[in-house]
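Asks: Not my notes, these are from Swiss-Prot:
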type	residues	note
BINDING	Cys104, His107, Cys175	Zn(2+) binding site
Amino acid sequence: MDARILQDNDDTSLPVNQASVTRIHKKPGKAEAEAAVRTLLLWAGEDPDREGLLETPKRVAKAYQELFGGYSESPEEVLGTTFEEVAGYDDMVLVKDISFFSHCEHHMVPIIGKAHVAYLPEGRVVGLSKIARVVDIFARRLQTQESITAQIADSIQRILKPRGVAVMIEAEHMCMAMRSIRKQGSSTITTTFTGDFKEKADQQVRFMTLIRT
């Protein structure tokens, strides 16, 4: 669940996730973020004043702006431009093997995987790159794999209003590989279907067959 983030200048234009908002937080400034990283270095037993770590707080804060850039983007903007002159094409549009990375909301360690996304157009289509961008918008947030899967499908269904959407995500979770049970190489698969993909088994079979070919 996202909290609305207020900019230092009280700009409330950043998109809010569809989940209900229970808290409103003021976004910390860059200096506060860097100070927080410095505190973590001290807590880990490091000396933030040694040569190799002097610029680390600044670098981490800058990296987080990119890694969690999905909070400042909205699928509505990405999927807002569509095309209707597609020669009557109304069959499945599938973009598969979309590589992505995200971060587990429980431990803030990476989730690395691939997404396969399909939809059945209802008179209009979007540029193929837009589907990949929607994946990145939700991946570049603190997430669970189940949430990313559902959010991708929901946004495409809600904005494009196709006859159906299918999403499969295959990913490795570093919280399982690097800590706790330390099971390297294990993968998690999640799926969600809407519309015809949910109601018609043959459409699900087509989707699953195509992503495996």
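Note that Cβ sites are derived from N, Cα and C of the backbone, with glycine treated the same way.
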Asks: Under 8 Å Cβ-Cβ from Cys104 (Zn(2+) binding site), six or more apart in the same chain: what's there?
Replies: Pro110, Ile111, Leu142, Gln143, Thr144, His173, Met174, Cys175
Asks: Other residues with Cβ within 8 Å of the Cβ centroid of Cys104, His107, Cys175 at the Zn(2+) site?
Replies: His103, Glu105, His106, Met108, Val109, Ile111, His173, Met174, Met176, Arg179
Asks: Could you find out if DSSP has His107 (Zn(2+) binding site) as helix, strand or coil?
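Replies: The three-state answer is coil.
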Asks: State the three-class DSSP label for Cys175 (Zn(2+) binding site), counting H, G and I as helix, E and B as strand, and everything else as coil.
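Replies: In the DSSP reduction, Cys175 (Zn(2+) binding site) maps to helix.
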Asks: Would you mind listing, in sequence order, the residues at least six apart from His107 (Zn(2+) binding site) in the same chain with a Cβ closer than 8 Å to its Cβ?
Replies: Cys175, Arg179
Asks: Using a 10 Å radius around its CB, how many other CB atoms surround Cys175 (Zn(2+) binding site)?
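Replies: Around Cys175 (Zn(2+) binding site), other Cβ atoms within 10 Å: 16.
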